[in-house]
Each structure stands twice: as structure tokens, then as C-alpha cells.
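TrEMBL has this to say about the protein:
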ACT_SITE  Cys2  active site, nucleophile
ACT_SITE  Lys595  active site, for Fru-6P isomerization activity
DOMAIN    2-217  domain 'Glutamine amidotransferase type-2'
DOMAIN    279-422  domain 'SIS'
DOMAIN    452-590  domain 'SIS'
Amino acid sequence: MCGIVGYIGTADAKEILLRGLEKLEYRGYDSAGIAIANESGIHVYKEKGRIAALRDVVDTSEESEVGIGHTRWATHGVPSQLNAHPHQSTTSRFTIVHNGVIENYEQLRREYLEGVEMVSDTDTEIIVQLVDTFSKDGLSTEEAFRKTLSLLEGSYATALLDNTDRDTIYVGKNKSPLLIGLADGVNVIASDAMAMLQVTNEFMEIEDKEIVVVTRETAQVKKLDGQEISRDSYIAELDSTDIEKGTYPHYMLKEIDEQPFVIRNIITKYKDENENIKLDEEIRSAVTDADRIYIIAAGTSYHSGLVGKELIEKIAHIPVETHIASEFLYNMPLLSKKPLFIFISQSGETADLRGVLVNVKELGHPALTITNVPGSTLSREADYTLHTHAGPEIAVASTKAYTAQMAVMAILAVDAARAVGVEIDFDPLQELGIVANAMEIFTEKKEVLEEVAREFLSVSRNAFFIGRSLDYYVCMEGALKLKEISYIQAEGFAGGELKHGTIALIEEGTPVIGLATQKDVSLNIRGNMKEVVARGANPCFISMEGCEHEEDTVVMPAVHEYLTPLVSVLPMQIISYYAALHRGCDVDKPRNLAKSVTVE
Ligand code: F6R
């Protein structure tokens, strides 16, 4: 959470920083700021709210070719102008931006900063005050920066400006993501390459506990003890048009519509020249060697992990448990003898998952990350990575990454089944093609779903999504989508479980959305719907051909029973989108959330 940028070159730094921050707003958007350096000193502008609010306070006449910037998701201290980054040391010599959490900031303050008056409530301020204190003790800026970082416990991606040398940016990283972008006579820094594609597509990674001294011509990587390191750069395979909204009013709608293309892209990426599944032999062995698979994920990715469990167990006959990362981290169950851990994460940066990954590596167990961002922390630190090829997902509410994760898990499950000789009559590459076609009908059915959102959800305080077996997991995801962007209290329930308590919440007009795609339980879920209708619920039924009834609001084209979640989630996503829109909510940037959750 939080995004940082930096620029040192020959162009107008403030405009590049502001544009970069706009691309990073998905990482947090409760306040933002930039600091620019020129011959008259370092000038800081910061404001509560979005980048648009920051633009209003930046002095456009102030010229600069060097600067750093930050967009914040508050952890320590309320969202306010005071707590917004950049922060300055008491002497104003040093200015800093930081993404992460400094766990020992109270202790460091007591030990090193007695008498130094803190201005903000943030943990970040401690970093800049320590650098100032150590430089007063006689250390060079680089030495003071390295000493400070070596004392920090927790996570940081940070960039520092020194008012006595305004042609250098010092950056450091531990656990939080940070990249250096390289160009001719220009270098940049960013939490995510997308922010700086406007300047370059050549990037260099920084490892944990390294610093980089960045000037216009050089980017020198060093360890915290000062030892120099050489690091190769790479060309980011990102197209800047992927991160534009185009003609869409919101990223979320664009990303919903991209799902058929994403599925077709996955088919292409995972197919060899003989039309067979293409997967690394090492990954195949890791899956087939395991006596049990532990899927670890959070939020929407957890919901895809629940579907993944069903797919792997049913198709490959390997036992699977799916766990919420933040729970698993502090309450690990008894593990099997030969476990394989699968981390599912759109961003590849989620702190809860990383905590589990670190523990798992310490125990010596193999780990596979399924992610949309191959160079991400979870991807680099796991033994193996499977890429979901969904393209950048910008809207905070995840849509195409979720369906992509399930598609990749279906392919993985069949590959493993074939490797161990389980007989299956299911060709995922072919069936995913049918899924992609089925998804396409929703580009035409949006009006019906917009009407559902208007009729059922424009004024209601709460809503229920009910389903059974795989449909239950999709209902959990549908409810999460609705609550995160429309702020309606929503719950996804197993249809049979309602009458064991929750049905007490059903009253006249309560919206209940039922889902039926699984033939073996379709009559049961219809029975459960009758129970809530008898108590006044306002019912909406979404079904799939083969399970449909005449009165159903939406009937989806049939797809293979293993893959129904990839299609049935689309109406849920679209209904949530319109519900949020009708209620005047900010669809792409819902309150209190951020796209990349890099704090525990
Ligand atoms: C909801 C959503 C979140 C994420 C969760 C995990 O729409 O996007 O629930 O799924 O924060 O994030 P990743 O997948 O990046 O690990």
C-alpha cells in the first residue's frame, strides 16, 4: 500500500511525478504529495485526498528536474495534510517518502531521537529524523541513510532528497516493492513499472536491504554495509495502452469486458505446438510429488482458491486445503509430510501471503505462486511461478484476475491428472474457449443486469447471495464485490446453511440473489430460495442452461460444470458495478481500500 515515485533528468519533474502518482493511485488514495528540488531549495506540496487535489496546490511556476512523490493509504496517523508524505527532518535538510510500516519506530525514537520534535503521527518521520541525526554526527548522507535503514524493522520502499546535494536521490527497499527505471541521462524510481512507462520501459530490480544512489547518469546499487553490487536491467513487457481506460467510464467495466480476451490469452500461453498443455516439468513434478496442497490467499484470490481446491481434488485427486493467509500465518494447521504450497495473488505483493511464504521456506517446503505480476515479491521468492496473463488490473475490485486464476488452476489440475494417470474426460484448453464465448454474452446483457441493480440494490441496506457447492464460492465473491464498491452489507451463503440462523435477517424486500449452475444441487437451491421468498425476500435468480427455469432473471450459456464459476461471476461483477454507480460510489477507488495490500 502507498505508492512512491522519483525522477531525476532534464524534463519537468513535477508533471512526471504527478502523472506517475495517478498511475499508482490504486495503491492508496487518502493523501498525496511531492517534493521537488531546484536551485532555491526543496519545495514540498501535499494535500489530503486524491492526486487531483494535490495538483491544485502545486505551484506550477516552480521549475525542477528532480523530485519524489507519494500517494498514501494511512496506517499510522489519520489521512490528513499533516500526515501526508513527503516528510522533512526538523532542520529541513532531508525530505523523504516511504511505503511500508516501521515496526520498531517507538523504540528507535526513544533510543536516538530524544529531544527531536516530531511533526506528524507517522512511523515514516522517524526515518528522516534518524538520517538527519546521523549526518549531524558526521556521517555522509549515504552513510547516514544506510545506517538508518539497517536499524529499521518492518517494511519500506523509501526515497530521500538532501537539500545540500539536490542532484541525487537515495532509495532503499525491504519487503515493499520498488524499481529503478533507466534511460539516457534520466533515471526514475517507482513502486510499479506502470507509473514510469511514460519515461522508460527499461527497469532494474532492487533486492531487500539494498540501497541505490540515483543520479541522472548512474544508479549504483549497494548493500547496507556499502558493498557495491552490479545488477542487470530488463525491458518491461507492458504496453502503456493497457493501463488507459480508453472509452470506458471506469477501469472496472473495462476489466470485466476484457475477461473473454484474458481467457483466450491464457489458452494461447499454456498451449504447445501440438495443442497440448504447456507447463514446466518442474512445476508438474512439484504438484504430483505433493501428498497435500495448501492454497494460501486473501480476499478475491481466496475465493478463487476455494474453486481451485475443488478443481485439483476432483480432477487430479490430490487433497487440497485452502486457507486465508492472515489466519494461516499465526495458526498453522498440522502439515502433511510432503506439502506443496500454492500462493494465489493478483499483485504478488500481499503481506499476509508473504509472511506465510517466509515461514514455509524456513520449513523447507516447495512453493508455487500464481500471480498476475511475475516480477513481484511472491513470484521472486517462491520456487515456481505461473503467470495469469490478465494484463494490468487497475480497478481496486478484482475481476479479470479472479477468472484468470481459476483458468490457470484448471490447466494445472488437468496437467497433474494426466501426469499421474488419472483418467479424465475434460480438455481445459478447449473448454476454456467455450467459457470465453459464454463470457461474451454479458457485453450484450448489461442492460438487464443494470436493471437488476436498480430494482434490487439502489436503496437496500443489505443483500444475500445464495448458492451451493461451486456456486456458493461464487456467491462469496459476488457479495465481496458488492460490499467493497457499493458499501451494501452483503453476504454470500451456502443455501442450505441459511436456515441455521441467518434466515432471521430476511425481511420484507430483502434482496436475495440465487445462483444455480450445478445440476446436482439446482433443485435444492431453488428450494432454499422458496424459503426466503416465503419470508418476504425479493428474489433474483441467475442460472445456467441445463438448470434454468422460465422465470429466471439471467440464464447463462452452458459451460463445463468445473468451469461455471468463470462465467457465473460476471453477472455478479456487473450487478455490483451498477449498484455502486447508482449509489454514487467511486467504483474504481472504493473508500478505505487499496489494490496492493502490503501491510499485515
Ligand atoms: C477484492 C480484492 C481483494 C484482493 C486481496 C488479495 O476485489 O481485490 O480482496 O483479492 O486483497 O490481493 P492479491 O490477490 O493481490 O493478493
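Residue positions begin at 1 at the first shown residue.
Glycine too: its Cβ is placed from the backbone N, Cα and C atoms.
Because TrEMBL annotations are produced automatically, they should be read as predictions rather than curated entries.
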Sorry to bug you, but what's the C-alpha spacing from the residue listed as 'active site, for Fru-6P isomerization activity' to Cys2 (active site, nucleophile), rounded to the closest Å?
10
Here are some active-site residues: Cys2, Lys595. Which one has the most Cβ atoms within 10 Å of its Cβ?
Cys2
Tally of residues which DSSP labels helix, strand or coil - the domain 'SIS' (452-590):
70 helix, 28 strand, 41 coil
Count up the helix, strand and coil residues in the domain 'SIS' (279-422) according to DSSP, in that order.
72 helix, 27 strand, 45 coil
